[in-house]
């Protein structure tokens, strides 16, 4: 079947002509193998290439009959995020496209993955005060979320007391399975589903478990949407856990547009591109993307290319950094025009105390709220004759006669965390102790398990495993007691989550990535009534709010806070909003100590490759004093500095762009130096930056430098004197680095200080 987009529900003339050609000359009984591609074209040539493709196939003298012909499937035409289309083509058809005038590049479609309350209070947001004041909450800001859809009846999306939908909105509420136009309201003002790419890779969507519509059958999209812009809901909780005054999105008065491009097995690039393309056309102010793939050059990164198109339309784009930490250089979504968000802890915990038979006490985390367990038998099935994978409690690995009535130890990895609990429960285990390996560090995830379960960090886990492996314990005599303490507040925070992907970026090491950290650990937010909290089919429970973790949860926090800044400073560019967030981020925790990195050990300080500029501070971000602005030309010059060919730059610019002889430095609010280790001489590098005054009309800033180890930093001039608002002044930073060092990286900062503001830029130096 031939598919075409109808972005505004009005069929385009060229679509009609193509449909006519299709039905006149072709049938769908194709036997040739096809693959789905993202195809980039020059701005004025997309429709011509599609029409030429079909016309050439019509007149192809090699076609004997319809049964010998593999019909091309045109899935989407992209006109806003980029210029091009997506299609399922045979090799011969792809060659015809490549030989067409205006063709730029093509690459196969692939599946991306999702990067899967109290947050507002922890971030210092309070109703009626500061950034949550009446003025900032009354203006219309529209957040578009590309995710698994939305649950429109959820209490977080009520439109009580909301004004009519703004006239500038060009979107629609697309009907589909179990979703009608009346599913939208003055809160959810747009909804659409994109599945053609996904179905071309995976097969037709099973509508007994999901829907070809914007309705959320998984919960992830409802969770992210309510985090970014959900309404205030009083006494929200997960089975009475995490119950506070109320749950709220970061900008609870925002309008929401839901673009469903993610399904059971992931999100097809072609569908994500179509969703971003539609969001731009509809008129959103912020795009939130809690998804991504592996790091890759920007010219073959569909999210980077589409987000560039959004940036050109003055749309702020926020992305999750990925959940592949704490390994280095795992960060995704690293383009400089994207806000790349790492995940952090809040001060809310769900402690559970495990006391083992030798008298030692372990502290873990659990969402279970019920009776305690006392002196129950404890088993780790690799030492008790379990099946293959029993140490990880993978499916069908445990034996009932060995675990029934006991507390079972399971290692993380080799499967989903909640599915391990399912395996334990189905074999008669009464509780589970889920132990982190060295790669997960001291992470204490609170998951919605189907049985009483406690997450235990690596250090305590080693104590537990040593106890059960011997140490004077007689066979089958190991025991443990568990005490569940519910919800507690006031823990040391923030800390960078171990799972959060780390820098430096492989695709763009010239930029410090991730950019910033936001709450992403054990986050309470809205959930779909069609999915269990554990995402297990055997789990009959249904909840209005669920607690999950991931950079997926951190991203919508930044999306909502960006909407707050947009509501106060409507004329700011996306780069100015990003700069405000980065230069005001905090690097100290609620104990006034350096923010820690859970993935590096209990007392290790986080670095710029863990959390970028630091942890988001919404209140100070609204009044940053100075900002670093960037234009489309600045970003194109950055691509020139990467030695991109004119063809590759055309993917972003959509029109021919001539690189200057000297591209200059990207005016980014951070500094990344990549040096060759073992050089004979010191390395000297200078960078120019320009700041714009958005604070007091007449003000003076002095430079303060926190030098990275092994690097001398010189700033000229050392004082910036502004006479008016929006005045721009430049400075130069010169770095003199040692020829070689034993450590691979060191970190520092440049801070411009006035009597009212501190404008901080992180410095990251890497000896390769």
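Backbone N, Cα and C define each Cβ position, glycine as well.
What TrEMBL annotates here:
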SIGNAL    1-30  signal peptide
DOMAIN    36-115  domain 'Inhibitor I9'
DOMAIN    139-601  domain 'Peptidase S8/S53'
ACT_SITE  147  active site, charge relay system
ACT_SITE  220  active site, charge relay system
DOMAIN    392-462  domain 'PA'
ACT_SITE  552  active site, charge relay system
DOMAIN    665-765  domain 'Subtilisin-like protease fibronectin type-III'
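Under DSSP, the residues of the domain 'PA' (392-462) split into helix, strand and coil as follows: 20 helix, 14 strand, 37 coil. In this structure the alpha carbons, written CA, of residue 147 (active site, charge relay system) and residue 220 (active site, charge relay system) are 7 Å apart.
Separation of the C-alpha atoms of residue 220 (active site, charge relay system) and residue 552 (active site, charge relay system): 9 Å, rounded to the nearest whole number. Residue counts for the domain 'Subtilisin-like protease fibronectin type-III' (665-765) under DSSP (helix as H, G, I; strand as E, B; rest coil) come to 0 helix, 61 strand, 40 coil.
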